[in-house]
Amino acid sequence: MKLIVKTFQEITIKSRPVRKRFIRQLAKNIRAVLRDLDPELKVEGEWDNLEVETAVVDARVRREMIERLTCTPGIGHFLEVHEYPLGDFDDILAKCKAHFGDQLAGKMFAVRCKRAGKHAFTSMEVERYVGSGLRRECGAAGIDLKQPEVEVRMEIRLDRLFVIHRQHPGLGGYPLGALEQVLVLMSGGFDSTVAAYQMMRRGMISHFVFFNLGGRAHELGVMEVAHYLWEKYGRSQRVLFVSVPFEEVVGEILTKVDDSYMGVTLKRMMLRAASRVAERLELDALVTGEAISQVSSQTLPNLSVIDRVTDTLVLRPLIVSHKQDIIDTARQIGTAEFARHMPEYCGVISVNPTTQAKPYRVEHEESKFDMAVLERALERATQRTVDRVIDELGQDLSVEEVAEVLPGQIVIDIRHPDAQEDEPLALEGVEVQALPFYAINSRFKELDANRQYLLYCDKGVMSRLHAHHLLNEGHTNVRVYRPA
């Protein structure tokens, strides 16, 4: 299979040195993204095209390659093509007929040809010759250049002919690694996950910082969605996940700060801590999911007061987004279900939160705060690469694993719905229920408490994590299914 990758349009208008740097980075990223699927993958090209060639014939692996490329920043679109040496017009006609002939009977069609290089003919001459030949030989109803039912597309580059089989949309943006790096304040909800996606899509390597307000389930959920975002949109790069224990900070705010300023103070403490993390990691900006006036702390006066606490640039990609648009985007990118089932810990709730915070007033309230508490939180912060968070969480968990299903036991497939659809779990004589990992914690209580449940995932890590959490919640009827 050969793919022709067309770069994001904004890359092509850059100066030659910048364009070459961006395209080299994109080629490097494509190799990194697809390396585990085909170690012999070839990626070559220049200007606005990259040619990706693989000898893999497994249809499932090819589908996975295409899916990964659609989620790789820097790609405008890409084409599945059949490559041939360039022959004469009759040869071009024969190649197009071989691929499109059975689609044209009784259909209106058009022929599109793009060329690069010097040739003794024009693109229009190719289109006319091939179009008339296909109409004559394939029983087509006619030619319609405006709204054809079938498009016969090809590209001619120097002495090569590419007959286009299918076009796939890309993510756009710039290649990860070509721009600066940022730190995303991640809560795992709709806003922060979409904000992270927007930055990654634009081409910025996005690291994550999570402020734990007092819940292991919340931390686990945020780790899972951060891992999902990295795996789907940023796997070409090394990304960090930093977790900062903020329980004592919340307690200090609750006991020392006036009710109306609790929310603003908490946000300022988070920005203080995030700035310190960003400085240590040498990151260029902070990213939050705030939108104007979505909640009381996000009015312009409040945001202005919050930002004064740091000299680090704070980016808010969703600042003028409507909530429904954010939810729709989350659904589109696959984070909506994570957000919908994310445990929430609202430790700082103001009965009458201010929407017009004053700098002098917030400084007065913060003067009561013991900053040693914030320092301790930063000292206790943990850091790991995001590709390892799931594995690390799964270590040393005491959960019973079984290799065989006993009569009456139910296997729960907790894999992502895409994996469930691609490779359904079928066990003869065994009841299998599908309940994705992001919903298992909130929906397990709906199941019959008198039945025994075995959680299943591909590697056994996610199932072990969630079984451990359910056992800690008091559910004694859960085990992990690990077939031999």
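Placement of Cβ uses the backbone N, Cα and C atoms for every residue, glycine included.
Now, the feature entries from Swiss-Prot:
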| type | residues | note |
| --- | --- | --- |
| DOMAIN | 63-167 | domain 'THUMP' |
| BINDING | Leu185, Met186, Lys267, Gly289, Gln298 | ATP binding site |
| DISULFID | Cys346-Cys457 | disulfide bond |
| DOMAIN | 405-483 | domain 'Rhodanese' |
| ACT_SITE | Cys457 | active site, cysteine persulfide intermediate |
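Around Cys457 (disulfide bond), the C-beta neighbours below 8 angstroms that are at least 6 residues distant in the chain are Asp413, Ile414, Arg415, Phe437, Ser463. Counting residues of the domain 'THUMP' (63-167) by DSSP class, helix then strand then coil, yields 39 helix, 40 strand, 26 coil.
Among the record's ATP binders, Leu185, Met186, Lys267, Gly289, Gln298, no two C-alpha atoms are more than 16 Å apart, and one pair sits at exactly that spread.
Remark: secondary structure over the domain 'Rhodanese' (405-483) totals 28 helix, 16 strand, 35 coil, with classes taken from DSSP.
Around the Cβ of Gly289 (ATP binding site), the same chain contributes Leu185, Ser187, Gly189, Phe190, Asp191, Ser192, Thr193, Val194, Ala195, Ala196, Arg316, Leu318, Ile326, each under 8 angstroms and 6 or more positions distant in sequence. Neighbour list (Met186 (ATP binding site), Cβ cut-off 8 Å, at least 6 residues apart, same chain): Ser192, Thr193, Ala196, Phe208, Val209, Phe210, Val222, Val225, Ala226. The average per-residue pLDDT of the prediction over the domain 'THUMP' (63-167) is 96, rounded to a whole number. Listed in sequence order, the residues of the same chain lying 6 or more apart from Lys267 (ATP binding site) and placing their CB within less than 8 Å of its CB are Ser297, Asn302, Ile306.
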